[in-house]
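Annotated in TrEMBL:
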- Tyr338, Lys347, Tyr348, Glu406, Asp434, Met435: S-adenosyl-L-methionine binding site (BINDING)
- Phe341: site 'Critical for specifying symmetric addition of methyl groups' (SITE)
- Glu450: active site, proton donor/acceptor (ACT_SITE)
- Glu459: active site, proton donor/acceptor (ACT_SITE)
- 482-648: domain 'PRMT5 oligomerisation' (DOMAIN)
Amino acid sequence: MPLGERYGGDKSESRYCGVETEFDDDMPNLLSFNIHGGFDFVLATLMDPNYRPSQVDEDTSRSRALPFAGSDLVLSPSQWSSHVVGKISSWIDLDSEDVTLRKDSEIALKQELAWASHLSLQACLLPTPKGASCANYAKCLNQILQNLGSMQLWLRIPLEKSENDTEARNPDYMGEGHTDSWELWNSFRLLCEHHSQLAVALDILPSLPSASSVGRWFGEPVRAAIINTNSFLTNARGYPCLSKRHQRIVTAFFDHSIQVVISGQPVHNVPVGASGPNADDHVEGGWRHPLKSYLDYIAFLYQKMDPLPEQERFELGYRDYLQSPLQPLMDNLEAQTYETFEKDTVKYSQYQRAVAKALVDRVPDENASAVTTVLMVVGAGRGPLVRASLQAAEETERKLKVYAVEKNPNAVVTLHSLVKLEGWEDIVTIVSSDMRNWDAPERADILVSELLGSFGDNELSPECLDGAQRFLKEDGISIPSSYTSFIQPVTACKLYNDIKSHKDLVHFETAYVVKLHRVARLAHTQPVFTFTHPEYSAKSSNQRYKKLQFDIPSDTGSTLIHGFAGYFDSTLYKDVHLGIEPSTATPNMFSWFPIFFPLRTPVCVQPGTPLEVHFWRCCGSTKVWYEWCVTSPSASPIHNTNGRSYWVGL
């Protein structure tokens, strides 16, 4: 039965906990014993561990069945697919120097995976590569993956990395005792070309690497965390528990839909009552599964997690889902898009605060009843900024005259009905025009806009506000007054695979809006481009170039960079800010997801090696686009030259 329910309709895969079992040719009994014991699935060895193909007589092999754990008929198809993860024989060593063992391994691997596929299992656990070289293992698996169907293959990798300063400083040092299991996984994954059905099952050991090193794995396709009973401590009552660090990691696994599997024999003397080979015989007599106390503890960790906030639940479907950014100048937004953005009350309350402060600064209290401030909302949409501005005027007891400028004729229809409904006819003038072409009858004291994209300037706020700036008074105020974009390198295996599936260059040279979830953020963000409004410099240009150097913490170990996560932070007015840059993000705001700039070929960065990145913002007569590349530790192609794949139309 599932570990619990964190919120209504909790469908997270991490609710299900499995148990690793020994070979048993009585599969119905094995499954019944563990399911009745409280586990949701078994990690079951499919083949008799004593079987070796080379020891089978050729004449008898044609008439004898392979020694699998029972026929496919002993369980129903739904039991096989829902409650059994196949475990490939652990003796298999496809890179052995022993030719007989290697050939046996090749034959057995194919036989066992063919059987698992026949049973329609959802996943199979592959044994850990035995040595540093895994080329033949990867080659054999790659051949199988080409015709596998939908089954996932979980490569078993121990979560370990030696912490040695000499090794960290010198990436070439591979002396005795140097281990970083991520490098083993990375070699295997690269040999298999990032195959989307190849995933990881992490063995969680009693000793854990640094937090930075563990963090790498959250950008990888980790499906299961196998925790051996010897990794558990003992609490004051004699029951199993985990260290604080292990608890934090397990909780993070739950957050990333990673399933926990309990492995090993019970090592805690918890009174478990009678136990026997047949679970059904003992349920009534207070029987407990020998590993139930470990399962109970994992369930306790799951249940004590905070429930997902409503906003996070709303965004579940968007996690790691690639979306093309909006083209608000080229395209008119649809009603549904407006509807979504208008629900972001936090954003509009920040705008209201900014307008209120600007009004108070602009008009002293003694002139409040005499002076009318001219405020222009450029890109008014269906009116949320008009409403926020009028509420700010009411709150500060200032007089306001509003021009609502909007190029989308469909949104203008809604604006007219809103103004009529609210009785704003004497205060609000609606202008159906592109702000860049409008001749204003008077100049504005305050210019308000919400033209920001996930990367700040990627929806052409600079170009729009440059065009609108001519009708702002010389001492006028722009809200926002400035904004800065930020990037950071990330491991994002799922995003990379989703882009790779298109099999073209265009998708690798497109920036995507995406609710980042299964990513590893490898270094702190750094600022890229900043724009300030109003901008009166005669030499000002909206073209930009920035070279950045990221230093990934040396205790992280080697990393693979799939691309860059982008964010923005904006100063609306004075100390009122708005943004999604992680360290300063405005809480509970959902109008913007981060942006993702992919790399055509992922870049491997060794410990202590800086990552050097270049970003350009380029402007043409009809479009604006970004170009980006990496120059260290190795050079990548410059992506999106001349905006050949992705641009924003003017």
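Note that Cβ sites are derived from N, Cα and C of the backbone, with glycine treated the same way.
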Practice prompt. Go through Glu406, Asp434, Glu450, Glu459, the listed recorded positions, and name the one with the sparsest Cβ surroundings, counting other Cβ atoms within 10 Å.
Written response: Asp434
Discussion item. To the nearest Å, how far is the Cα of Asp434 (S-adenosyl-L-methionine binding site) from the Cα of Glu450 (active site, proton donor/acceptor)?
Written reply: 14
Fill in: Cβ atoms near Phe341 (site 'Critical for specifying symmetric addition of methyl groups') (within 10 Å, other residues, all chains)
18
Discussion item. On a C-alpha basis, identify the one among Phe341, Glu450, Glu459 that is nearest to Glu406 (S-adenosyl-L-methionine binding site); the candidates are the recorded positions.
Written reply: Glu450
Practice prompt. Over the domain 'PRMT5 oligomerisation' (482-648), work out the mean pLDDT and round it to an integer.
Written response: 96
Worksheet item: What span in Å does the S-adenosyl-L-methionine site cover, taken as the longest CA to CA distance among Tyr338, Lys347, Tyr348, Glu406, Asp434, Met435?
Response: 24
Practice prompt. Mind giving me a neighbour count for Lys347 (S-adenosyl-L-methionine binding site)? Other Cβ atoms within 10 Å of its Cβ, every protein chain shown.
Written response: 24
Worksheet item: Using Cα coordinates, what distance in whole Å links Met435 (S-adenosyl-L-methionine binding site) and Glu450 (active site, proton donor/acceptor)?
Response: 13
Worksheet item: Once the chains shown are all counted, how many other Cβ atoms turn up within 10 Å of the Cβ of Tyr348 (S-adenosyl-L-methionine binding site)?
Response: 20
Response to the item:
Spacing of the two Cα atoms, Tyr348 (S-adenosyl-L-methionine binding site) and Glu450 (active site, proton donor/acceptor), in whole angstrom, works out to 10
